[in-house]
Amino acid sequence: MAAPPIQQETAPWLLENGSYKVLTKEARQGHGHSHHGRTAHNMSSSSLRKKSDLTLVSKVQCGLLRSFLTNLQEVILGTKLSILFPAIPLAIVANYCNFGRPWIFALSLLALMPLAERVSFLTEQIAYFTGPTVGGLLNATCGNATELIIAIFALCQNKIDVVKYSLLGSILSNLLLVLGTSLFCGGLGTLGKQQKYDRRQADVNMLLLFLGLLCQLLPLLFRVAGGYTTVTTVAALQLSRASSIVMLVAYVVYIVFQLWTHRQLFEADEEAGEGQEEETPVIGFWSGFVWLVGMTIVIALLSEYVVATIEDASNSWGLSVSFISIILLPIVGNAAEHAGAIIFAFKDKLDISLGVALGSSCQISMFVVSSFNNLIDLWSW
């Protein structure tokens with residue numbers, strides 16, 4: 001693999017100040033994506049979407065009913081994971097009918113997979129109306145909504161270990177499982193030629209991950225070096241708080257860098273998503289917003305089931321809570337994006353795979369971990 005130098009392309013042309021000017025690839029992205037820039041996360045999730053057949057729905061006479069059925073078909077049936085949607089009512093019924101708690105855990109995990117992909121779809125639909133900046137902020141907030149909600153419920157139930165394990169597992173699954181599998185599959189899919197990627201985006205994400213690593217290591221090294229005394233513990237706690245603030249500030253700066261100052265570096269190339277990109281929104285703004293709120297509520301409900309039954313599933317399956325939290329929960333929460341990253345790596349679209357793996361890791365390590373450090377501190381206090 002190699003990061004190629006930026007080459008200027010000879011088309012298309014832009015009329016500027018009465019004269020023609022050659023547009024580079026970055027300039028074309030800046031002009032051509034001014035309305036709706038798709039990130040690697042959007043492109044990755046779109047690999048599991050399918051086009052809905054609205055022939056029957058279009059024959060419905062009532063306009064309101066036709067609109068509702070169209071939204072229902074686009075949101076529920078517009079994904080290859082729609083076969084897992086029946087797990088949602090089954091998990092709810094299993095909970096209220098007092099079925100085996102391991103069954104509730106398993107059904108809730110299965111139900112979270114299509115919901116996580118649909119949240120990505122809905123944020124992209126809303127971005128068509130709000131523009132790429134607000135859409136990017138929404139995607140940055142909802143990109144790891146499943147892991148975030150699970151961690152919140154685990155914290156509310158005082159299961160601090162589940163919080164730590166699930167967040168650590170999210171980082172490890174992105175950096176090791178997803179990135180490693182993508183590079184391996186990309187190598188198999190491009191035998192005999194060299195894979196290329198944009199080094200600038202990878203450098204930004206790797207440096208941000210390195211900063212997060214330093215901020216997490218400093219309090220630990222300080223406490224180990226000074227001994228486990230009361231004075232050292234208090235000082236290490238203060239250093240941990242300061243490190244969390246630095247991580248939050250760095251993440252805010254990263255968002256500004258990604259969405260305003262250097263947006264073209266993080267937008268997926270149109271050619272990479274050829275045959276995948278939807279030119280126009282398929283549902284309205286308010287419909288997308290209502291669906292997004294509704295699915296977030298369902299994710300919260302299922303996340304509560306997962307956290308409440310994780311110990312029972314651990315005892316029944318003979319697996320430790322740490323293994324389930326580190327391995328199973330992150331894979332389920334981002335299954336659609338992970339599968340999409342591997343698919344695009346096969347197609348020699350390594351930028352999208354790197355954007356998914358490194359971008360998700362940055363969001364978890366810099367934003368979510370630092371936020372929960374402060375929340376756990378307040379919870380304990």
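Even glycines carry a Cβ here, placed using N, Cα and C.
The annotation region 'Disordered' is assigned in TrEMBL to 26-47.
The compositional bias 'Basic residues' annotation in TrEMBL covers 30-39.
Panel annotation: around the transmembrane segment (75-96), residues 48-52, 103-104, 107-108, 110-111, 113-115, 117-118, 121-122, 282-283, 291, 298, 301-302, 305, 335-336 of the same chain, lying at least six beyond its termini, place a Cβ under 8 Å from a Cβ of the stretch. Residues or ranges marked as transmembrane segment by TrEMBL: 75-96 (among others).
Residues or ranges marked as domain 'Sodium/calcium exchanger membrane region' by TrEMBL: 103-260 (among others).
Among the features that TrEMBL reports, transmembrane segment is placed at 134-155 (among others).
Beyond the transmembrane segment (167-192), the same-chain residues lying 6 or more positions past its ends with a Cβ under 8 Å from any Cβ of the stretch are 1, 144, 147, 151, 209, 325-327, 329-331, 333-334, 338, 341-342, 344-348, 350, 353-354, 356-358, 360-361, 364-365, 368-369, 372. Look at TrEMBL and you will find 167-192 (among others) tagged as transmembrane segment.
Residues or ranges marked as transmembrane segment in TrEMBL: 204-222 (among others).
Here TrEMBL flags 242-261 (among others) as transmembrane segment.
The transmembrane segment annotation in TrEMBL covers 282-303 (among others).
Residues or ranges marked as domain 'Sodium/calcium exchanger membrane region' by TrEMBL: 288-370 (among others). For the domain 'Sodium/calcium exchanger membrane region' (288-370), residue counts in helix, strand and coil come to 76 helix, 0 strand, 7 coil, using DSSP.
If you look up TrEMBL, you'll see 323-345 (among others) marked as transmembrane segment.
Listed as Cβ neighbours of the transmembrane segment (352-372) (distance under 8 Å, sequence separation of 6 or more from its ends, same chain) are residues 39-41, 43-44, 140, 143-144, 147-148, 151, 155, 163, 167, 170-171, 174-175, 178-179, 182-183, 186, 197, 201-202, 205-206, 208-209, 211-213, 215-216, 243-245, 247-248, 250-251, 254, 266, 268, 272, 334, 337-338, 340-342, 344-345. As annotated by TrEMBL, transmembrane segment applies to 352-372 (among others).
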Within-chain partners of the transmembrane segment (282-303) [C-beta distance under 8 Å, separation at least 6 from its ends] | 52, 67, 70-71, 74-75, 78, 88, 91-92, 108, 111-112, 115-116, 118-119, 122-123, 125-126, 129-130, 142, 145-146, 149-150, 152-153
